[in-house]
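Asks: I'd like to ask some things about the structure below.
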Amino acid sequence: MTRAIMVALYAPADRPERFDKALDAGADAVIVDLEDAVAPSRKASARAALADFAAAWASRGASVPAVQVRVNARGAEAHDADVAAVAALPAAFGIRLPKTQSPDDVAAVRAAAPGREVHALLESALSIERAFEIAQAGVASIAVGEADLRAEIGVPAGRAGEPGLAWSRARVVNAAAAAGLPLPLMAVWADVADLDGLKESCAAGRALGYAGRTAIHPRQIEVIRRVFTPGPDEVERAQRIVERVRTAAADGTGAFVLDDGTFIDVAMVKAAQRVLAAHETPRRQP
């Protein structure tokens, strides 16, 4: 079962000296990266280092973060060896599959690593168009991989490209919800120094329905968590709605009006319950 995740931190698989820092940074999940963060000449040694990461992970006991391993894409030279290496790790380690183009890509990985959660990254215009098909292919989650997508559809990097990504981001949220998957995490914000830009982008993503974000540096974690965590006013309002639901149910009433005049129906109750779930979910601390 997929754990509720608000912040996931990438860690390069070929840098074992950073494993402890990644595990203790306070993210809800760590994504060990065998793909973009690792040079071709270091792929084999990075796979070998996964055993060291698994040992460090196991030593944390109950407070351990969730773990995914981003393998190389299907069709890449390193892909089969990557998937086989993950299959030898603890069963809790999921596979993050980049450049997922179709349900066939998911099926192939699930066959090679039975019982593993597969988290699909959609990184092309075609995969965005196929988002719902891929979401129904037995994956644990879907998400946009934005660097390749930006290049393909001509969207600039950084703040200037935010409007151009809005449709693709919303498409993936809708596909995930329609397939009954958890609401997705946003892609990484590449400019580690631009925390204000990260904050603005996270706020836009939250407004689209995203549940959190992936990070490439520990300094980004606090910003992401602050934006995606419901504030006191949101929580108080959600609590009032849920409490009024209980009262209305006892009176045999379906819809009702809050003291401030807001009409509340079933859809707004569901939104309030989502706010409370996000508020009440335990989060890891550094």
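First residue shown is number 1, and so on along the chain.
Cβ coordinates come from backbone N, Cα and C, glycine included.
Residues or ranges marked as domain 'HpcH/HpaI aldolase/citrate lyase' by TrEMBL: 8-218. Per TrEMBL, substrate binding site is recorded for Arg70, Glu123. Residues or ranges marked as Mg(2+) binding site by TrEMBL: Glu123, Asp148.
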Asks: Can you tell which of the binding-site residues (Glu123, Asp148) has the fewest other C-beta atoms within 10 angstroms of its C-beta?
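Replies: Checked Glu123, Asp148; of these binding-site residues, fewest Cβ neighbours within 10 Å: Asp148.
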Asks: What's the CA to CA span in angstrom from Glu123 (substrate binding site) over to Asp148 (Mg(2+) binding site)?
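Replies: That comes out at 6 Å between the alpha carbons.
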Asks: Please list, in sequence order, the residues in the chain of Arg70 (substrate binding site) that are at least six apart in sequence and whose C-beta is under 8 Å away from its C-beta.
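Replies: The answer is Tyr10, Ile31, Val32, Asp33, Leu34, Glu35, Arg96, Leu97, Pro98, Leu121.
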Asks: Summarise the model confidence on the domain 'HpcH/HpaI aldolase/citrate lyase' (8-218) as a single mean pLDDT, whole number.
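Replies: Its mean pLDDT is 97.
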Asks: Going by DSSP, is Arg70 (substrate binding site) sitting in a helix, a strand, or coil?
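Replies: SS state of Arg70 (substrate binding site) = strand.
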